[in-house]
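S.K.: Sharing a structure here in structure tokens format.
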Amino acid sequence: MDKTNKINNRKETILFFIISLLFFVTITAFDPFISSYAKDLGFDSVIIGSIIGISGIVALLTRLPIGVFSDMLHKRRLFIQMGLLITIVMWTLAFFIPNATTLYLGKISDGLTGSTWVIYNVMFASYFGVKEAAKAVAILGVASPVGSILGTTIGAVVANNYGYRYSFLVAVAAAILALVLTFFTKDLSIKGVKVKYDKKILVEQITDKKIWIISVLATIALMVTIGTRDTFTPLVATDLGANPLMIGMLANTHLIIYGLAAGLCGALFYKKIGLMNTAILGAVLQGIIIILIPYAENLTMLFLLQAFQGFGYGLIFTVVTSWAVENIPEIKQSTRMGLFQSLYSAGMFLGPVLIGILIEVFSRSTGYLIMGALSIVSTILIKTSIKRSKKEASNEEFPLEEMLINRK
């Protein structure tokens, strides 16, 4: 690559990273407040859970097709633009006509837009080249916590001053800006590529037992997190006297500690105890903390528990993601990640709906107890299904670890 191309690619990289930050602002600005807003509108726990969870069903049904079709049609930027446009329309509608139907439509658009994230990864990697694809994905991974913190913080400030539904407009504004910026990007991942998509790629990925086992682990980790952190923990905070700004800070606490745990995986935990034990530690820690959350006596205790839950989630989810993205050729990347993300998206639906039903039928503490137990029990699957020797784990390279090396 000559000097001019390197400079151009650097500009594309910076621009696309900004778009990625805006993407996360778009899908997170309202997240901490949906359950509180829905409760204010008079909805019960089952309806609240299904509103939060509907985006998971949409992601489950669309992430793989989007990955496959983007590979087949070689129009990745178009899929990104369509996702942003849908968000703009649906959340504007939810703002002006607030009811259960428009909230469902808004969260459906959230699922559709979120499904395009696999394409962001592939496009961003194209600016680095095949040899540095792992580095690219790891760098882009920073956009998730940073963009999410920006989204929830701005959304919290707006919601605190104007009301919960005004956080919808933060998402709309971010989506509009991101959409405009996409017209200044180039889809290098398809430049000069005329290779016909081989349908055998899809069959190969679907029949890979490894990706299914890893996806089940990711599903459990995600379902207990979305069901608690994003759905009913904000209501625990509200009962303890939290305002929208505090609820946003509570969400950010989880995100920040999650990012810290993810960073420590490559720098500390992988080397000291190995990937399998890191995953087990994360699942057990998250499970125990979730069981304790309903018993928080004040906001200080709740914030502390939220931090520990974020740490546990950061450990388990980083490990399973590392296992999922190993040594995949570029032509298969979108399909592989689309399948992985589609499968674990089931957790985004099952978590809120399951705990919503449990809370409605039994109690909040029972719902949290069962969700925490699921996280702990998942360690059995890790021990029995992930066959990796300590030697294999210590000698293997993982994207996140590579990111940490290249950051220094």
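Backbone N, Cα and C atoms are what each Cβ position is placed from, and that goes for glycine too.
Positions annotated as transmembrane segment by TrEMBL: 12-34, 46-66, 78-100, 112-130, 137-158, 164-184, 211-229, 249-270, 277-296, 302-325, 337-359, 365-382. Among the features that TrEMBL reports, domain 'Major facilitator superfamily (MFS) profile' is placed at 12-390.
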S.K.: Hey, which of 78-100, 112-130, 164-184, 249-270, 302-325 has the most Cβ-Cβ pairs under 8 Å against the transmembrane segment (12-34)?
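M.R.: Per the Cβ under 8 Å count, 164-184.
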S.K.: When the pLDDT values for the domain 'Major facilitator superfamily (MFS) profile' (12-390) are averaged, what is the result?
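M.R.: Per the prediction, mean pLDDT sits at 88 for the domain 'Major facilitator superfamily (MFS) profile' (12-390).
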S.K.: For the transmembrane segment (46-66), find every same-chain residue at least 6 residues outside the stretch whose CB is under 8 Å from a CB in it, and list them.
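M.R.: Sequence-remote neighbours of the transmembrane segment (46-66) are 34-35, 38-39, 79, 100, 103-104, 107-108, 110-112, 114-116, 118-119, 226-227, 230-232, 335, 338-339, 341-343, 345-357, 360.
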S.K.: Quickly jot the same-chain residues contacting the transmembrane segment (365-382) by Cβ under 8 Å, restricted to those at least six beyond its ends, or write none.
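M.R.: Tertiary neighbours of the transmembrane segment (365-382) are 213, 216-217, 220-221, 223-224, 227-228, 232, 276, 279-280, 283-284, 286-291, 293-295, 312, 316, 351, 354-356, 358-359.
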S.K.: Near the transmembrane segment (302-325), which residues from the same chain, at least 6 beyond its ends, have a CB less than 8 A from one of its CBs?
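M.R.: Apart from its flanks, the transmembrane segment (302-325) reaches 134, 137, 210-211, 214-215, 217-218, 221-222, 225, 228-229, 233, 236-237, 240, 249-250, 253-262, 265, 269, 275-276, 278-279, 281-287, 289-290, 292-293, 296, 336-337, 340, 375, 386, 398-400.
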